[in-house]
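Comments concern the structure below.
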Amino acid sequence: MDFFKSLLSTSKDQQTISRPRPVTSESQTPLLPIDRTNAATATSSQAEEESPEEGTEYTTASEILGWLLYALATEPFVVSAMGTYVPLLLEQYARDNGVRLDDHSLKCVTGDPLIPGQPILPPPPPSINGTTTEVITESLMLLFARSVNHNKEKERQVRCVLYVMGYYIDTSSFALYTFSLSVLVQTLTVISMSGAADRGHYRKHLLLVFGLLGALATTSFGWLDDKRYYLASLLAVFAISCFGAVNVCGNSYLPILTSNSKEIRSLQELEGEQSEEDQKATALLKSNLTTRLSGLGAAVGYASALVVQLITIFIVIKTGTTTSSIQIAISFVGIWWFVFLLPLFWLLKSRLTAPSLPNLNPDQSIVFQYVKYGWRTLFISIKHASTLKDVLIYLLGWFIISDSVTTMNSTAILFAKTELLMTTPQLVLISMLTVISAIIGSVAIPKLQAAYSVSPKLSMIYVILWASVIPLYGILGFFFENIGLKSQIEMFFLAVWYGISMGGLATVSRSLFSLLIPKGKESTFFSLFAVTDKGSSIVGPMVVGLITDKMHDIRYCFWFLLALMWLSLPVWYLLDVERGAVEARELEFVEEE
């Protein structure tokens, strides 16, 4: 636990100074930020007197460990299950139950999750004696050989459609429409539980309950058969909705943990004595430190996802690379989620930041009253956000960029499957490269931001420009024969590029938003953040699905994704973080109506 204790400490210099000074080296920088917004209501002496359950105890090493375990438990669900295997499974189920595009009287060719009528991997050569290392080594060599010798395989591809609710849709669109429905349900779920997450001791309880339900739903994929494609879609909707609730509760812990470091909170008493220059230095320090903690969580999550991808690719190869292999891999992700979520019961504190609802009606269900309160606080948050100019700017920018970046992942997986005819193990390798690169991005970008004194706003803009290269490169395929995602090998290079952008985006976005929200309203504002995030994700997959249904070529969707990314740039340019932080402090003392 010594490592985690070191994260809670500032340097000796900072503990003895009378006021904060600008950071001159990373060794002077504590991981946890100074929370100036808490100075009016809490002091270190008060924190020692009140109980931990009141939410005023100093942040402990076990809490940081618990928060990191939250990332470790849940990130593989996003990267491995929903980012890789579930889209493949839904597309294959749609193909198994679909008909040919050119003749609806003929069933779609089946037998292979990725290339109809063709085996995914040739039989193992005689040199493989069955050991784990040799199986993986030989299989990877075969995979890369296939990516180089892609040739004319695409000519054998069969276009298929599935009859759903009175319409024929492209088999690739089935997964996209499922994701659109899931984020709609997730949005409703997040709104309904957000009020309870900010009141009483419910934040931790909701995180655990929704986490366990989501883990069980994910594990249940192992017992499906290909005829129950509707059930597979509904399970995906349920699991994604549970993850959304967990994500809101988990993210809302970030500003709480960073506000309660012992050394940092003691400096809050000096706020009235600080000069304007010192206050700006403190604000920059808080920004950098919050980004570092967020980056650490992102790195742990991506490292966890990498480990899970390594395990699942071994499972897929050893079980014959069939549809059942994909189901087993998804189930393993659910088991991982379940196992590593359990320690949070002992490690995390409830951290009461606002009292329970007063005057509860004994004649009504407590659940109903908190759901009602969640919707009421959403409208109150919207009302408050309308007075917070920079929160509105942030949410608008996030609505646009989140839609494009999150849709890009499922689009790329389906593009690689249907256009480049890549196999399941190849796609898992791409996902692993993405995760490794995301770890690098989540660690490197905060360091670069601090080293060059780049503001979080500019960091966000740079990450968006970096990510926009991906759809732009895909568009080149319309104009050139040999470049622009024309071969499988190009996907491996773009996976690295995409991973760096995802790691940077995950780190910068959370830390930037945490600087703009009022204390005591963390879950409510992060639920508004999630509603914006997931609300946009309803649009992206649906538009991509409609484009695919119309053109039967996913490449056209890159135009849509590129337009969204570039559209967000002028919005982010308008953001003023310092002004937003001042507005957030003022809103802390505004009573809810």
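Heads up, the Cβ atoms here are built off N, Cα and C, so glycines get one too.
TrEMBL: automatically predicted annotations, no manual curation.
Taken from TrEMBL, the feature region 'Disordered' applies to 1-58.
Sequence annotations record features per position, and here TrEMBL assigns compositional bias 'Polar residues' to 7-30.
Taken from TrEMBL, the feature compositional bias 'Low complexity' applies to 37-46.
The compositional bias 'Acidic residues' annotation in TrEMBL covers 47-56.
Listed by sequence, the residues of this chain that lie at least six past the ends of the transmembrane segment (160-185) yet keep a Cβ under 8 A from its Cβ atoms are 82, 86-87, 90-91, 93-95, 97-101, 104, 108-109, 116, 229, 233, 236-238, 240-241, 244, 410-411, 414, 417-418, 534-535, 537-539, 541-542, 544-546, 548-549, 552, 554. Taken from TrEMBL, the feature transmembrane segment applies to 160-185 (among others).
Here TrEMBL flags 205-224 (among others) as transmembrane segment. Sequence-remote contacts of a segment are chain residues at least 6 beyond its ends whose Cβ falls under 8 Å from one of its Cβ atoms, and for the transmembrane segment (205-224) they are 70, 73-74, 77, 81, 86, 89, 193, 196-197, 231-232, 235, 238-239, 241-243, 245-246, 249-250, 327-328, 330-331, 333-335, 337-338, 341, 344-345, 348, 350.
If you look up TrEMBL, you'll see 231-254 (among others) marked as transmembrane segment. Counting only same-chain residues 6+ beyond the ends of the transmembrane segment (231-254), those with a CB under 8 A from a CB of the stretch are 67, 70-71, 74, 77-78, 81-82, 86, 89-90, 93, 174, 178-179, 181-183, 185-187, 189-190, 193-194, 197-198, 203-204, 206-207, 210-211, 213-214, 217-218, 220-221, 224, 290, 293-294, 297, 334, 348, 351, 510-511, 514, 522-523, 526-527, 529-530, 534.
Positions annotated as transmembrane segment by TrEMBL: 296-317 (among others).
Sequence annotations record features per position, and here TrEMBL assigns transmembrane segment to 329-348 (among others). With a cut-off of 8 Å between Cβ atoms, the residues of this chain six or more beyond the transmembrane segment (329-348) that come close are 62-63, 65-67, 69-70, 72-74, 76-77, 80-81, 85-86, 89, 204, 207-208, 211-212, 214-222, 239, 253, 304, 308, 311-312, 315-316.
Taken from TrEMBL, the feature domain 'Major facilitator superfamily (MFS) profile' covers 390-593.
Taken from TrEMBL, the feature transmembrane segment covers 391-415 (among others).
TrEMBL lists 427-448 (among others) with the feature transmembrane segment.
According to TrEMBL, the feature transmembrane segment maps to 460-480 (among others).
Taken from TrEMBL, the feature transmembrane segment applies to 492-513 (among others). The list of residues near the transmembrane segment (492-513) in space but at least 6 beyond its ends in sequence, with Cβ under 8 angstroms from a Cβ of it, reads 147, 251, 254, 287, 290-291, 293-295, 298-299, 301-302, 394, 398, 401, 405, 408-409, 412, 429-431, 433-446, 449, 456-457, 459-460, 463-464, 466-467, 469-470, 473, 485, 525-526, 529, 577.
What TrEMBL lists as transmembrane segment is 525-544 (among others). Long-range Cβ contacts of the transmembrane segment (525-544) within its own chain (Cβ-Cβ under 8 Å, at least 6 residues beyond either end) map to 176-177, 179-180, 183-184, 186-187, 190-191, 193-194, 197, 244, 247-248, 251-252, 374, 378, 381-382, 385, 391, 395, 398-400, 402-404, 406-407, 410-411, 513, 517-518, 554, 557, 560, 564.
Remote same-chain residues near the transmembrane segment (556-575) are listed as 390, 393-394, 396-397, 400-401, 403-405, 407-408, 411, 457, 460-461, 464-465, 467-468, 470-472, 474-475, 540, 543-544, 547-548 (criterion: CB distance under 8 Å, separation of at least six residues from the stretch ends). According to TrEMBL, the feature transmembrane segment maps to 556-575 (among others).
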- Long-range neighbours of the transmembrane segment (460-480), counting only residues six or more past its ends (CB under 8 A): 397, 401, 404-405, 408, 412, 415, 445, 454, 486, 490, 494, 497-498, 500-502, 504-505, 508-509, 512, 555, 558-559, 561-562, 565-566, 568-569, 572-573
- Task: Could you pull out which residues elsewhere in the chain have a CB under 8 Å from any CB of the transmembrane segment (296-317), counting only those six or more residues past its ends?
- Result: 31, 67-68, 70-76, 78-80, 84-85, 121, 132, 135-136, 139, 254, 325-326, 328-329, 332-333, 336, 340, 424-425, 428-429, 431-432, 435-436, 438-439, 442-443, 503, 506-507
- Message: Do any residues, 6 or more residues outside the transmembrane segment (391-415), come within under 8 Å Cβ-to-Cβ of it, and if so which ones?
- Response: 83-84, 87-88, 91, 172, 175-176, 179, 385, 427, 460, 464, 467, 470-471, 474, 485, 491, 494, 498, 501-502, 505, 509, 512-513, 516-517, 525, 528-529, 532-533, 535-537, 539-541, 544, 554-555, 557-558, 561, 564-565, 567-568, 571-572, 574-575, 580, 583-584
